[in-house]
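Structure first, then comments.
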Amino acid sequence: MSKKNNLLVAASGTGGHIFPALAVSKEVEDKWNIHWLGVKQRLDSNLIPKKYNLRTLSIKTPRKNIFLFYQYIEILMSTFQIIRILKEKKINLVFTTGGYISAPTIIASKFLRIPVIIHESNLIPGMVTKYFGFLCNYVLLGFKNTNSYLRNCKTIFTGTPLREQFYKSNPLPEWVPKGKGPLLIVMGGSQGAKAINQILNESLEFLLKKQFRIVHIIGESNQQPFYIKNTKNYIQKKFTNEVAALIQNCDLVISRSGAGTINELIEAEKPSILIPYPDSKNNHQEKNAMIIAESGGSVLINQNNISKEVFEETLERIFKIKSKKGVNHYEILDLMKRNMVNNKIKSKNEIKKFINYFLKEF
């Protein structure tokens with residue numbers, strides 16, 4: 001049996017960084033020993049399998065304030081720590097998905113002349129990809145048009161890999177409310193979204209009167225959860241591993257518009273109402289949302305414009321019943337479903353090809 005090479009995966013923070021890296025790790029673990037580098041006090045310890053040898057560093061989120069200098073010192077110290085880890089584990093290749101762990105990892109890898117691949121899942125590249133992408137051997141893109149923002153990088157369009165469950169059909173979980181009413185999945189990403197939770201809280205009475213069934217994922221890091229007692233047609237959870245099954249079997253998703261969510265909706269061909277996070281870097285969540293909103297597969301509502309009235313009117317319009325040849329159907333929802341089919345992107349094995357390419361080249 002040939003000896004496996006060592007792959008360091010540097011991904012941390014939000015599900016948008018972690019889930020694509022997990023998907024890639026699962027695809028290549030038969031040929032590589034996986035070592036995972038993350039950040040303390042984030043989602044990493046809950047999501048990363050023990051077999052991936054998770055190591056965490058203390059890196060705080062950079063902020064524009066008087067302590068910025070000390071944060072850069074912290075990043076520099078992290079770079080030296082990562083150099084030691086790369087040497088200790090005899091790493092042959094580094095794969096990263098952006099985020100605060102990525103910058104020192106890229107610098108450390110280039111110092112040791114270890115090849116680096118970074119994957120950029122957003123349409124508008126993040127800060128690390130923008131400023132450090134040129135140091136990487138390849139920048140893999142979730143969307144084709146991202147190439148125009150990275151002229152000095154070696155870019156390859158691969159799409160964004162998703163969790164394994166999204167590539168197969170999954171039954172609806174037993175705990176989901178039963179009934180004939182439309183099923184809504186409301187979620188704010190792995191960290192939750194206060195604005196989405198709030199608007200749902202305000203409109204819940206209206207939705208239940210309209211016979212909607214609702215699964216509400218409030219997020220792990222929501223410090224003050226909008227606790228509402230579960231009822232026949234409403235279930236609230238902090239987190240679930242059954243997101244693929246929920247999205248595949250629901251009628252409509254209401255969510256933020258991180259790149260991971262956009263690609264999950266595209267894969268499942270699922271209509272949505274998207275409420276982009278307004279403080280995302282370079283407004284990238286709104287740009288992500290526009291990819292499917294412009295094709296008619298989603299309704300984009302800016303957080304500054306959303307209200308109880310706007311939210312309820314939007315849902316009433318989407319679920320307005322039309323009769324055709326004696327058969328009732330949701331005309332706008334059905335049109336949104338057809339439009340989502342045109343957005344299909346297949347990306348499951350593309351990144352695997354490029355990672356395994358380095359087995360031969362290095």
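Glycine too: its Cβ is placed from the backbone N, Cα and C atoms.
What Swiss-Prot says about this protein:
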BINDING   Thr14, Gly15, Gly16, Asn122, Arg163, Ser190, Gln285  UDP-N-acetyl-alpha-D-glucosamine binding site
Sparsest Cβ surroundings (other CB atoms within 10 Å) among the binding-site residues Thr14, Asn122: Thr14
Sparsest Cβ surroundings (other CB atoms within 10 Å) among the binding-site residues Gly15, Gly16, Arg163, Gln285: Arg163
Secondary-structure category, per DSSP, in which Gly16 (UDP-N-acetyl-alpha-D-glucosamine binding site) falls: helix
